[in-house]
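Inspection log for the structure reproduced underneath, given as structure tokens.
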């Protein structure tokens, strides 16, 4: 059985920087955000269902999903959002499980902003939370995405609170300092996870 480490953290916490360091160590990273884009690529059953349900004006000239238009369509309509989630969540889950089965590194990172909210942690042996104070989350996200403060705060509210996330963590990676500090922590965790995979196989 593949040893899976679930990585999560609030918006702006630096999940991508952390998982990139694991990748440099030869570890397979399955990113739920990337999977969510893969399941709606041209030719997929999900994209066909979305076009039938919402109309073809949600497709670009190239036949790709206009994600911004879709977000606007479902943002203020809970029923449509539920319909979309009931279509996408099972497809994303299935694709994640397929990629987990195909992974060949000693252990696998499953990175998902909503790992805990969407119960993806049930596929993981460990949960690693990338953590920064909420003020820093806000500051980093506004700088990175050039988003209005209110929009970032709304996203943060929709996610688990920092306190609730930390309660569910097996491991915590503090990311309020430098990239060197992040790298050191990743290296330590990497050794721990390698040891855990060996123990699991014995």
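Any Cβ shown, glycine's included, is placed from N, Cα and C.
What you are looking at is a predicted structure, and each value in this text was computed from that prediction instead of being measured.
Secondary structure from DSSP puts residue 15 (ATP binding site) in a helix. Neighbour density for residue 15 (ATP binding site): within 10 A of its CB lie 25 other CB atoms from the protein chains shown. The ATP binding site feature in Swiss-Prot is assigned to 12, 13, 14, 15, 16, 17; the stated evidence is sequence analysis.
What Swiss-Prot records for 4-200 is domain 'DPCK'.
Annotated ATP site 12, 13, 14, 15, 16, 17; additional same-chain residues within 8 Å of its Cβ mean position, judged by their own Cβ, are 9, 18, 130, 140, 175.
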